């Protein structure tokens, strides 16, 4: 009971902090910061698109709005409605605060399901002590609080970055897959892909979650356990037939296609429904073709070279136009090259695989923001038990703090004071990308080391039992 009260106290505290910052940061203009708002997530661009739509013009006219017409329909009226005496976009702020809280609750619920599934998997391979130790880590509550109190999450919410909505949809996808609720997972995945395109790669870990279930130890442990049970059964009953042994070996965890097919059916259904709604919203402004060109085409071709914390804007500002198409294919294809190898190596840990994909997309997407980091840093808490021996944790923490402090300073020196140049700001972007790469390498290495440790413990136990 005390743990529950402690958890909800911190949740309420995070909500109060956001509400206070909404009122106190009116003059900071966080929604204009390039680290928080991008051409795809800026609330000011969304308000401009809604104004164009209200003026009977295409919301994609000019070069301001490049987001979803559905998001424009939902949030657009809130950018116009104002409460007398209150900061601008206060109603949008309340929506974003609610989205953060709901996302945190879904992370907490997903963490509990992962913890239960992982504990039962450890017990099934005879590692009872480790299963009891894993219960000590409240991974769901920890991840939820890390997400809510992460400074990146707070500034993305207060800065009215629509990445908050995208993060909510991604978390909804993961929770639906962990809970094996196909309609919910499909809805989250379709909407997240519709908003940002890059979450489309999450279909692989989602399919693995529906097919194999939550994260589990390596399949080698289950094979060792089953082979030991088969040996014990043959030694106790010499008359058992060969077919019986094959059946016992077939008790290993296999891929289940039925929930996967159900998920794909709902994904197609939701995709069709979203396309119909989008077609209705833009039927007088060029239709779906115009929407695809101005949203997904904008993401893939990187037409806006406004500075951000990514690395694409600087490179494509310097590259010759003759080579632009080639490097677009190279840069956008990088993420595709990493999908299959990681899926093969981490197929027994689909939720952790989703975390790795989210970090990679944050590094390699066209217009990243701190909202992307807020999501994967929150999800990192789900694997607190497995990643206890991660290296360079202090270096990573210091690096993120340093980038957070230096980025606005370098931007100010370049844009406002004129005492620096683009290289100043781009250096922080390079450092930010470097930190994320180190994070991916270290977390994957720590997870694989944890799997090796489980394999050694299980092998030692089987040898002791045999002796």
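Each residue, glycine too, has its Cβ placed from N, Cα and C.
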Looking at 231-250, 351-370, which stretch does TrEMBL describe as transmembrane segment?
351-370
Counting only residues 6 or more past its boundaries, what in the same chain has a CB within less than 8 Å of a CB in the transmembrane segment (390-410)?
33, 35, 151-152, 309, 370, 373, 420, 424-425, 427-429, 431-432, 434-435, 438-439, 442-443, 445-446
Two-stretch contact, the transmembrane segment (351-370) and the transmembrane segment (152-175), at least three Cβ pairs under 8 Å:
yes
Which residues, given as numbers and ranges, are at least 6 beyond the ends of the transmembrane segment (6-24) yet have a Cβ under 8 Å from it?
86-87, 90, 93, 97, 100-101, 104, 141, 144-145, 148-149, 154, 157-158
Hey, which of 89-112, 187-212, 260-283, 295-316, 422-448 has the most Cβ-Cβ pairs under 8 Å against the transmembrane segment (152-175)?
89-112
Per the definition of 3+ C-beta pairs under 8 A with sequence separation of 6 or more, do the transmembrane segment (322-344) and the transmembrane segment (260-283) touch?
no
